[in-house]
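Visitor: My questions will all concern the structure given below.
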Amino acid sequence: MAKLLSFSDESRGALEKGVNNLANALKVTIGPKGRNVVIEKKFGAPDIVNDGVTIAKEIDLEDPFENIGAKLIEQVASKTKEKAGDGTTTATVLAQFMVQEGLRNTAAGASPIELRRGMEKAVAQIVDDLKKKSKSVSGDAIKQVATVSAGGDEEIGSMIADAIDKVSFDGVITVEESKSLATELDITEGMAFDRGYSSPYFVTDEDRLICEFENPSILITDKKISSIADLIPVLETVQKNGTPLIILAEEVEGEALATLVVNKNRGVLQVAAVRAPSFGERRKAALGDIAVLTGGTLISEDKAMSLEKVQISDLGQARRVTITKDSTTIVANDNQNTELSNRIASIKRELDETDSEYDQEKLNERIAKLAGGVAVIKVGAPTETELKNRKLRIEDALNATRAAIEEGIVAGGGTTLLELSEGLGDLAKKLEGDQKTGVEIIKRALTAPTKQIAINAGFNGDVVVSDIKRLGKGFNAQTGEYVDLLEAGILDASKVIRLALQDAVSIASLLITTEVVIADKPEPPSAPGAEGGDPMGGMGGMGGMGGMGGMGGMGGMGMPGMM
């Protein structure tokens, strides 16, 4: 394919136009009074969204050079979303300002390389200062971060905080579309897997068709059990103690299963058999997880361990086990042991090392089950358009909350960046020439998010920034008041701010040091009738297939024969 080339100021000018086109579409969404963007779809109703990445991915510009600029800014939004889950519009606003100021200075003769060095030094200092300013998050602060990220929706904030409280930070929290109008939180407590009882005769509650035991012992093995002789020692032990026994094995069958059922129905034993979850190596990993969770030992063929020699100390313990026809849920005791923490850390290391999405999904599931459960936020809304928009907001809020727990919180509304910008004055004094100019570009860029939040709320951005500096308080765009944002619960996750700033300067520094842009030459328009012309003319072209042997026979079934 032929290529188009653009050089120097012309190339940078085209890139800047693309940057501005995309950034201007995104920045109207920032802040509590950010506006929506309507996106036409080829099929179905238009989407009404408030999510930066979703908007960015929909934009393709006609000019190929401008489109490259737009796609570079889309990359900023996507990278920030991928790593932090939120802050995409903040990153875009920062990048746009840095690009505009950087290109203005290079056009005036500044060295783009020295500008970049100055900008990178400034961002490095801001990141260090941000870490010092961050505060750990807990309690109500979790709800406040989620509420702010959800556009001020307190219902969503409370729901996310409740979900994290119930399943812990390591637990899995997913967002799904609901079939009802209401948005609800559904929590599965404990470790659940999709294997039920081996026989319906193990049922303890005839009305609900479940088998449920309080404080049972659990025998965990990857063996197939056919002979009751293998189980007699452990059965005698639990019978003396009077505790229920769950046998979790690859399979319990034949004589062993029949004997267990008979003794259960006679009231001699409180017992149930369950097939082990998953298959192959994943089964061994799952059984190992259950052993760690319950404080038991996995009786494994790989370790040459024998069922006849099982001791009471080898059995796992749980607070409650509920078994249905298709699933089993183990609610562990509250005591969190070191072995469990180490197991979770080990799985997290595996997660970092794998690139397979399937493996990542399964590893995350294992972490969640060990950590205490799974929470599902089921999103409801009157229309499909509102449902999609609400789902995106909840996902952003959930991601921002996780980021806040990881690296702490700071005052929101762009105020923290504004405060940190004041510390760049000393750095600028230590530098000279274009590096100093680069620092000053970052210092001014850090005011851009606050200005845009104010503009979207109907205020003058420059006046708001000036008032914040004068009063020493943050700006609540929802009410138009100047308050202590930490006390008011208007918070941002430090991780989100850090990544937004780092991703913005990364792309901006690349853009201002660009000298040549290469783009694909657009395809010439199709000749009339070749595409999109008379539909029957197009059918005529198919007539050429008549010469293809057997296909020619199908020609007899053509339009003339049907007349």
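Just so you know, glycine gets a Cβ as well, placed from its N, Cα and C.
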Visitor: Taking Gly171, Gly413, Gly423 as the options, which does Swiss-Prot list with Thr29, Ile30, Gly31, Pro32, Asp86, Gly87, Thr88, Thr89, Thr90, Asp492 at the ATP site?
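Guide: Answer, per Swiss-Prot (ATP site with Thr29, Ile30, Gly31, Pro32, Asp86, Gly87, Thr88, Thr89, Thr90, Asp492), from Gly171, Gly413, Gly423: Gly413.
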Visitor: Would you count the other CB atoms within 10 A of the CB of Asp86 (ATP binding site), including those on all shown protein chains?
Guide: 31
Visitor: What are the sequence-distant neighbours of Thr88 (ATP binding site), meaning same chain, six or more residues apart, C-beta distance under 8 angstroms?
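Guide: In sequence order, Leu26, Asp51, Gly52, Val53, Ala56, Val76, Ala77, Ser78, Thr80, Lys81, Ala500 meet the Cβ cut-off.
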Visitor: Quick one: among the binding-site residues Thr29, Thr90, which has the most Cβ atoms sitting within 10 Å of its own Cβ?
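Guide: It comes out as Thr90.
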Visitor: Name the residues of the same chain, 6+ apart in sequence, whose Cβ is under 8 Å from the Cβ of Asp492 (ATP binding site)?
Guide: Val145, Val148, Ala400, Ala404, Ile409, Val410, Ala411, Gly412, Gly413, Thr416
Visitor: Where does Thr90 (ATP binding site) sit by DSSP, helix, strand or coil?
Guide: helix
Visitor: Given that the record lists Thr29, Ile30, Gly31, Pro32, Asp86, Gly87, Thr88, Thr89, Thr90, Gly413, Asp492 as binding ATP, what is the largest C-alpha to C-alpha distance among them, in Å?
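Guide: Largest Cα to Cα distance for the ATP-binding set is 16 Å.
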